[in-house]
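TrEMBL annotations:
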type	residues	note
DOMAIN	17-45	domain 'DEAD-box RNA helicase Q'
MOTIF	17-45	motif 'Q motif'
DOMAIN	48-222	domain 'Helicase ATP-binding'
DOMAIN	248-396	domain 'Helicase C-terminal'
REGION	394-469	region 'Disordered'
COMPBIAS	406-425	compositional bias 'Basic and acidic residues'
COMPBIAS	434-460	compositional bias 'Basic and acidic residues'
Amino acid sequence: MTTSLDPDLPQSTPDLVDFAALGLPQPLVRALARQGITAPFEIQRATMPDALAGRDVLGRGQTGSGKTLAFGLPLLARLADGERARPRHPRALVLVPTRELAMQVSDALFPLGRTIGVFLRTAVGGVPYDRQISALRRGVEVLVATPGRLADLIERGVCRLDDIEVTVLDEADQMADMGFLPEVTELLAKTPADAQRLLFSATLDGDVDALVRRFMTDPVTHSTAPPTAAVTTMDHHLLLIPPHDKFSVVASIAAREGRTMVFARTQLGVDRLVQQLAAVGVRAGGLHGGKTQRMRTRTLAEFREGRMNVLVATDVAARGIHVDGVSLVLHVDPPKDPKDYLHRAGRTARAGEAGAVATLALPKQRRGTLAMLEKAGVAPAQTRVRAGDPALAELIGAREPSGVPVRDEPEPRRHTSRPDGARRFPDRHRRGEHGRSGERRHPGRPADGRSERRSGDRRFSGRSSAGTY
């Protein structure tokens, strides 16, 4: 069974249906109301009746469409029977690709679960094991985990999946892109065959389809997202720039008013761009897997709370992150894969809000970028621009940065050969982890092996290296 809803409709329609009408227990309805949440989003209206009825569900929707509550509320409702989890035996499992997404899921579900006596704990890499092990030994109903850390905990004998009643795979396509499917397959095989399974993804094809065929029983499919970035409130721009103007153009776009998310290809490129922007008066935060969890959490909090308007990130680190009010996504380097473009673009133009996506391309990149965009179902407006071009202000609100350097607490740099996300063996390199969505092993080296020109010590002067960010 498959249903499809019009993606151009408003995401919530309070005059048509509420959570109680979907079958959600009253304690959870009241808990949502205390948070000001009374009307379900489309993905929630579509999937929750089947999920609450115990069916296996496939949900297709973009990040930020309301998927967390779509799977989280039925999960909590199922566990709201007063039965406590046995030590080391969680009753429900939510698998996510990254630490940041695990934190988002936890932040959304923990206060709701607490009101009905259902306790939740995260198990992710990049943080000490002690608290995670201690919580599991006491007993936790819902475990939100990255695949690598969960595999480690099982190997240590502190977690078993025999009592799992509900398993959720969130952002399943991204886990496939990041090379986690072998671990995910092993973990699912450890859960009871009759457990309910809920899978949410932006796409439901390829490797994800293989998981569905093996582990899901007569699943019902609901789709609320188009397969491309065909959102009427999203504008797409391809900005064709000369090589020597690249940083100047980036700096003027980053200096615009409004919340901007910038994507760079490598960890080193993220750090270098953040430093260059600071030197010309633009405060930006960097997000990648080489940073400590403390710094990643702090950076995301400052971006969400509006203490800085620019976030520079790698693809992998930003997977699944939902931040309200992002009005522009900027691709400093054109992505190679249309799915990567769509994942990046999905950070803006949510819930009917307007947003724009701008991709910078050098002359030699134009043909390949247009081919990628065509596969993504996007027909961008093409504009040739230079540093200081008035068209930049007209199209996306670019403006000259102040030129006054900004200072911030230095961030520890911890560039490693591993991709973002949890590893199964902390001290062992995992084969196949640097797929097309992972960060390169040598972040300062372009894919073609040539040396990259140094640009980290340049200040804003209208000319800069055209190296990869």
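The backbone N, Cα and C atoms fix where each Cβ goes, and this holds for glycine too.
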Cβ-Cβ under 8 Å with the motif 'Q motif' (17-45): same-chain residues at least 6 beyond its ends: 5, 9, 11, 52-53, 59, 61, 65-67, 69-70, 73, 76-77, 80, 111-112, 115-116, 222, 224, 351
PLDDT averaged over every residue in the domain 'Helicase ATP-binding' (48-222): 93
Residue counts (helix, strand, coil, in that order) that DSSP gives for the domain 'Helicase C-terminal' (248-396): 60 helix, 30 strand, 59 coil
